[in-house]
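**Student:** Please find one structure pasted underneath; my questions will follow.
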Amino acid sequence: MRVLVIGSGAREHALLLALSRDPQVKGLVVAPGNAGTARLAEQYDVDISSGEDIVALARDVRADMVVIGPELPLVLGVADAVRAAGIVCFGPSKDAARIEGSKAFAKEVMAAAGVRTSRSEIVNSPARLDAALDRFGPPVGDLSWVVKDDRLAAGKGVVVTSDRDVARTHAAGLLEAGHPVLLESYLDGPEVSLFCVVDGRTVLPLLPAQDFKRVGEGDTGPNTGGMGAYAPLPWLPDEVCQQALTSIVEPVAAELVQRGSPFRGLLYVGLAVTASGPAVVEFNCRFGDPETQVVLALLDSPLGQLLYAAGTGSLADFGELHWRSGAAVAVVLAAENYPRRPRVGDIVFGSEIEGVLHAGTTRRDDGVIVSSGGRVLSVVATGDDLSAARSQAYRIIGSIRLLGSHFRKDIGFSAAKGRIHI
């Protein structure tokens, strides 16, 4: 099997690495890729938002399956174009990808499916903003206001704050840009990222993970695309994941089938584990980054065959997933000034050692690897337990040099110390 992976981040590097371990995968292609993925796959620079260009590339490289990593091509309908060309695709249709592309649509689907989530309201007009803010946050007993961009925002469109002025400024800025605003009640509890492989009707959950969205230690500063992750979650009872599967993911998948938009791909549910059980924070239509890096590091089943089964509607016949023992930790090395406009073009030293997955990197004509984005690298390590995996990840990242770079030093710390309780 020849597999074409679409994307250029550490998530795609992790996908390629896991696919390379599948004995049935005989060839790997990536578009556009980065300086690290070039060691695993043929690379092509194409417009990944163009279904026509992706189909042409898939035909040229004789791909048996296309795996779409980022959300934007999915929301734009690239998976539809690939399937229409008769090529197996892992990734939802444009209609099904609305579960991430529009938070209002996701809320509508959850309501129809009877899924537990936060109370919410869409604000389309600045004139309605102040009254809407009065119905959320501390005025009604919530710890914080939760203000979200209804559209795609690369993980950076959310503000959670107890300061009304901060909430209002963020919401007003979104409205001024022409983006609807979603206000939500605050869900109190540790968060979980649960990935589920779905072929339309059959749902197969992967290991739960936890990511770290804020840029600063102690969950401070603005939101990012993700600064680190770990798996599995020693503090999470198995029954919570089972409850999430049967009361959240399966009903949502069934509702999408009912609407004529069956979901075929990776359905990612972000959960808050509250005192009353799991509740949905968000849905995404693709593998999350950096959680993918830790989940796939522990996967012992053949990834290519798993994704192909989902893409061909035969997931029910795949069988039980197998996992390696131990734990995995990913720590993101970010460029100076990230998550604002990052500094780029600096030489990255030590990026070609084992455990380093590339994201915002490119290779100059002289062969030197330089930074090209905000999240530059993901350092991934495994160990017998979370503490061992953390130690190894931080040992590796300590050997990498990039001018002005930064990373969080507390990824997985509370879990390793047994300080997370539900």
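One-based numbering along the chain as shown.
A Cβ is built for glycine as well, from the same backbone N, Cα and C atoms used for every other residue.
So Swiss-Prot lists the following for this protein:
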BINDING   138-193  ATP binding site
BINDING   GLU282, ASN284  Mg(2+) binding site
DOMAIN    107-312  domain 'ATP-grasp'
**Student:** CA-CA, which of the binding-site residues PRO138, TRP145, LEU187 lies nearest GLU282 (Mg(2+) binding site)?
**Tutor:** LEU187
**Student:** Where does GLU282 (Mg(2+) binding site) sit by DSSP, helix, strand or coil?
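**Tutor:** Going by the DSSP assignment, GLU282 (Mg(2+) binding site) falls within a strand, counted as strand.
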**Student:** Test of understanding: give the count of other CB atoms lying within 10 angstroms of the CB of ASN284 (Mg(2+) binding site).
**Tutor:** 22
**Student:** Where's the emptiest Cβ shell within 10 Å among the binding-site residues VAL159, VAL166, LEU187?
**Tutor:** VAL166
**Student:** Can you check which residues sit near TRP145 (ATP binding site), meaning Cβ under 8 Å from its Cβ, same chain, 6 or more apart in sequence, and list them in order?
**Tutor:** LEU133, PHE136, GLY137, PRO138, VAL159, VAL160, THR161, SER162, ARG164, ALA167, LEU183, TYR186
**Student:** Tell me, how many other CB atoms lie within 10 A of the CB of LEU152 (ATP binding site), whichever protein chain they belong to?
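**Tutor:** For LEU152 (ATP binding site), the count of other Cβ atoms within 10 Å is 19.
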**Student:** Could you give the Cα-Cα distance between VAL166 (ATP binding site) and ASN284 (Mg(2+) binding site), in whole Å?
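**Tutor:** VAL166 (ATP binding site) to ASN284 (Mg(2+) binding site), Cα-Cα distance: 26 Å.
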**Student:** Within 10 Å of each Cβ, count the other Cβ atoms and name the one among the binding-site residues PRO138, GLY173, PRO180 with the highest count.
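**Tutor:** Its Cβ has the most other Cβ atoms within 10 Å: PRO180.
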**Student:** Taking only the binding-site residues LEU152, GLY173, PRO180, LEU187, which one has a CA atom nearest to the CA atom of ASN284 (Mg(2+) binding site)?
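**Tutor:** Sorting the binding-site residues by distance from ASN284 (Mg(2+) binding site), the top entry is LEU152.
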